[in-house]
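**Q** Right, I'll just put the structure down here and ask away after.
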Amino acid sequence: MGPLTFMDVAIEFCLEEWQCLDIAQQNLYRNVMLENYRNLVFLGIAVSKPDLITCLEQEKEPWEPMRRHEMVAKPPVMCSHFTQDFWPEQHIKDPFQKATLRRYKNCEHKNVHLKKDHKSVDECKVHRGGYNGFNQCLPATQSKIFLFDKCVKAFHKFSNSNRHKISHTEKKLFKCKECGKSFCMLPHLAQHKIIHTRVNFCKCEKCGKAFNCPSIITKHKRINTGEKPYTCEECGKVFNWSSRLTTHKKNYTRYKLYKCEECGKAFNKSSILTTHKIIRTGEKFYKCKECAKAFNQSSNLTEHKKIHPGEKPYKCEECGKAFNWPSTLTKHKRIHTGEKPYTCEECGKAFNQFSNLTTHKRIHTAEKFYKCTECGEAFSRSSNLTKHKKIHTEKKPYKCEECGKAFKWSSKLTEHKLTHTGEKPYKCEECGKAFNWPSTLTKHNRIHTGEKPYKCEVCGKAFNQFSNLTTHKRIHTAEKPYKCEECGKAFSRSSNLTKHKKIHIEKKPYKCEECGKAFKWSSKLTEHKITHTGEKPYKCEECGKAFNHFSILTKHKRIHTGEKPYKCEECGKAFTQSSNLTTHKKIHTGEKFYKCEECGKAFTQSSNLTTHKKIHTGGKPYKCEECGKAFNQFSTLTKHKIIHTEEKPYKCEECGKAFKWSSTLTKHKIIHTGEKPYKCEECGKAFKLSSTLSTHKIIHTGEKPYKCEKCGKAFNRSSNLIEHKKIHTGEQPYKCEECGKAFNYSSHLNTHKRIHTKEQPYKCKECGKAFNQYSNLTTHNKIHTGEKLYKPEDVTVILTTPQTFSNIK
């Protein structure tokens, strides 16, 4: 065995091979080669400095020394001497030799032959010194003459072919003592050891990342600064590394001879075109012997094989997670550091992986290479096309062994399996809530942090999920991509379309086992079940009131805090619920989408239309168990029940008067404040209640939509019509328990009761006199003001017969 030389431990790359390496791999190669040379010099083995080392020290491309030899070669022709030593062209059978000759078929020189004894293109020794146009043979440096029978790969040097043979034997004799990883070649082990031994002495001041070479940190700093000093003279494109510019120039000037017939995309290598075609067709030639999974590229199969032995030597120091590849660990670390080195030049968005940036760029270019043969729809990713194809086949290959449910995608099956195990490994440190997926936990954490990274460019509104931003954007564009095939109605969300479809089929698949009531949606059934159990797990810490839903508790808390987060941009009025704001906005727009088919009356809310329809049908499904009285609304029945209990939970702090309903208390408080916030635009008259203003407005329009079928008399309010009808029926449902007197209206009964109780709640501020009716107080106040709207005889009538006054009013 001869003495060890640098070329015994060196690895050489041709231009094509060098371009396949990424920046990190190229830098690692430079560092290893330079270190190997320094070690040989230290041992006194290396004598002269190889061209490769000189090239690497000057930060030039390592394939340049090889290129110099290529430059001197000219197209070969047949040698005029020693013709008998060369094979005739028609007798050449070796595929690589034929390929070598084909490279020069466009030359003017013909009859290029190969030397017999070498079975390869060789140099003619006789004419080494005297070249002329027709007396040259192809030099050995111009071809790859060493062939390997397993993969028909060719090499410039015999030593390189021997190294390549080792990769096919699958023997990995060189083992790392640190992590146990094995390699088939000693230089590869030497490269690997650097990961464990080398000290990162060069640190970036910006992000704190450390490097083992000053040249690498110089390049890294350009990521932070955004500096791109290398400009292409042809197209003006700039780069942060010279190697990137060199690669770009090759691709810019190089002929792309290999064109895809399907999509028209061109490539400078036939091998890349072949790989591209395989991706388009979906063929997967490379199959795993362990699990039978197939791949369209051999490199993907090689990566996949590492899953089976379970070897994961690269461990994250932050979270302890282990990986098969150092590159995967590097990508993973960016999750902890938040580093996003790959920035889009169009919009400035940054990514932690180069592949994500490549995919993102297609948004700007609108490139969609992957087309569905069934419907013609195109996609920017092959994975999206694969998913899409399952729509046409309706095939669901992924089946759950527990319940037999099938899915189109393996990811959905994995999600489904967790429903059986109940496993929730990802826990929130703030509130302790657990989740099935880390992505769901990440989204949940934003509730605590308040982070909203997704911002609308039109109105500036921010969201904590990208899907919410996408849905929100449709408000500005008015896009409604989800259309109902039955009635043509369109929706901005697929979930809304799914709900809408149930209107047409009238199917209610979710049935309550307790009472048999059926529902269209599972969420409604869940809500309904609580009515049977009476469970109210969500309790208010302020007042102790309990609720059966967390959302209702959240809304309730706003009563105590006074928070009204939903504000109207038109008038500034604020609301505690977004639904109330939506309803309120219709006042300004005048929108009334919900129209009654019977009488043509329109409403701003569907619930109001549903209630209104019961007037025509006469349906009163809600019946009081105490007195048998029926109502067309459940809320009206609830209010009615309080009459029987005499419970008055809502008390006025000013005068101590109690009320059955909070709305009545609110109205009552206005008596004390004297506030009249609702003003008529026609005559300027102000009112305490919005309902009173609405009734007043009808005076100006003269509209009386409510007509009595018996006598034809019309009214401007439905309540007045109901009261009027009692004249015809003679009905007096409201009876006094003290004296037995009956009344048509509950208000008359309440006024009458004050005769027995002697209650006089309406007091004059001037003289202190009290009255049992508000109208009497109003009449009395005119004595102090001197106002005389009525003649003395009229006043006498009013005072002696309050019922008559009531009728006049």
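In case you wondered, yes, glycine gets a Cβ from its N, Cα and C as well.
So Swiss-Prot lists these for the protein:
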- 7-75: domain 'KRAB' (DOMAIN)
- 202-224: zinc finger (ZN_FING)
- 230-252: zinc finger (ZN_FING)
- 286-308: zinc finger (ZN_FING)
- 370-392: zinc finger (ZN_FING)
- 426-448: zinc finger (ZN_FING)
- 482-504: zinc finger (ZN_FING)
- 538-560: zinc finger (ZN_FING)
- 566-588: zinc finger (ZN_FING)
- 622-644: zinc finger (ZN_FING)
- 650-672: zinc finger (ZN_FING)
- 678-700: zinc finger (ZN_FING)
- 762-784: zinc finger (ZN_FING)
**Q** Just to be sure I understand, if DSSP states are collapsed into helix, strand and coil, how many residues of the zinc finger (762-784) fall in each?
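**A** Per DSSP, the residues of the zinc finger (762-784) fall into 11 helix, 4 strand, 8 coil.
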**Q** Average the pLDDT scores across the zinc finger (622-644) and report the rounded value.
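**A** Across the residues of the zinc finger (622-644) the model's pLDDT averages 78 on the 0 to 100 scale.
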**Q** Any residues 6+ beyond the ends of the zinc finger (286-308) with a Cβ under 8 Å from its own?
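**A** Contacts of the zinc finger (286-308) (Cβ under 8 Å, skipping residues fewer than 6 from its ends): 275, 278-279, 324-325.
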**Q** For the zinc finger (538-560), how many residues does DSSP put in helix, in strand and in coil?
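**A** For the zinc finger (538-560), the helix, strand and coil counts are 11 helix, 4 strand, 8 coil.
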**Q** Please indicate, using numbers and ranges, the residues of the same chain that are 6 or more beyond the zinc finger (622-644) and have a C-beta under 8 Å from a C-beta there.
**A** 611, 614-615, 660-661
**Q** List, by number or range, the same-chain residues at least 6 past the zinc finger (538-560) whose CB is under 8 A from its CB atoms?
**A** 527, 530, 576-577
**Q** For the zinc finger (622-644), what are the DSSP-based totals of helix, strand and coil residues?
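**A** Summed by class, the stretch gives 11 helix, 4 strand, 8 coil.
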